[in-house]
Amino acid sequence: MNEQTSRLNRERRFLVLLGLICLSLIGGALYMQVVLGEAPCPLCILQRYALLFIAVFAFIAAAMPGRRSLTFFEALVVLSAIGGIVAAGNHVYILANPMVSCGIDTLQPIVDDLPLAKLWPLAFQVDGFCSTPYPPILGLSLAQWALVAFVLTAVLVPLGIYRNRRQA
């Protein structure tokens, strides 16, 4: 096995791990929704979509045989993470400023009309308000943790690409 193949395999393992972490985060959100009764708002659902897109694109990227196709799907992972940053950042802003509403009247029908909301309503249908504060986990709200995860994804994936390919 040459050096370039070894580096690409390391990238693929990282992407599989990233996909599993994203699916675990969705599972944690579902646990909090079903067991702890924390109803998801439109921005929470959009963050779940971003996590799902990151996981799907990461798994597809890990299965790609060539470097070019791997890079294409890694770019889609980063774009999905940027979408998650927008949703989570907006949610963090709303939680910091409770007088601001997330627009439940305007966002809820749009989010509820997305295909996965009809296929799997438990996970992707809006039930709550964005301004509802829930108990923090290790000092941060769920939206803040999601923002951290999305920022790390948006930074670490391109950094890994650069690191693995600069000498290849």
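Each Cβ is built from the backbone N, Cα and C atoms, and glycine gets one as well.
Taken straight from Swiss-Prot:
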DISULFID  CYS41-CYS44  disulfide bond
DISULFID  CYS102-CYS130  disulfide bond
TOPO_DOM  1-14  topological domain 'Cytoplasmic'
TOPO_DOM  32-49  topological domain 'Periplasmic'
TOPO_DOM  66-72  topological domain 'Cytoplasmic'
TOPO_DOM  90-144  topological domain 'Periplasmic'
TOPO_DOM  164-168  topological domain 'Cytoplasmic'
TRANSMEM  15-31  transmembrane segment
TRANSMEM  50-65  transmembrane segment
TRANSMEM  73-89  transmembrane segment
TRANSMEM  145-163  transmembrane segment
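Residue counts for the topological domain 'Cytoplasmic' (1-14) by DSSP state, with H, G and I taken as helix and E and B as strand, are 12 helix, 0 strand, 2 coil.
The Cβ of CYS44 (disulfide bond) has 27 neighbouring Cβ atoms from other residues within 10 Å, across all protein chains displayed.
Through the fold, the transmembrane segment (73-89) approaches residues 11, 15, 18, 43, 46-47, 50-51, 53-54, 57-58, 60-61, 64, 143-144, 146-147, 149-151, 153-154, 157-158, 161 of its own chain, all at least 6 residues removed from its boundaries and within a Cβ separation under 8 Å. Distance noted between the C-alpha atoms of CYS130 (disulfide bond) and CYS41 (disulfide bond) is 5 Å. Non-local neighbours of the topological domain 'Cytoplasmic' (1-14) in the same chain are 61-62, 67, 70, 74, 160-161, 164-165, 167-168; each lies 6+ residues outside the stretch with a CB under 8 Å from one of its CB atoms. If you look at the topological domain 'Periplasmic' (32-49), the same-chain residues 6 or more away from its ends with a CB under 8 A from one of its CBs are 26, 83-84, 87-88, 90-91, 94, 102-104, 107-108, 110-111, 114, 116-117, 122-130, 132, 134, 142-143, 146, 150. Counted with DSSP, the topological domain 'Periplasmic' (90-144) comes out as 28 helix, 2 strand, 25 coil.
Same-chain neighbours of the topological domain 'Cytoplasmic' (66-72): 8, 11-12, 161, 165, counting only residues six or more beyond its ends whose CB sits under 8 Å from a CB of the stretch. Across the topological domain 'Cytoplasmic' (66-72), DSSP classifies residues as 6 helix, 0 strand, 1 coil.
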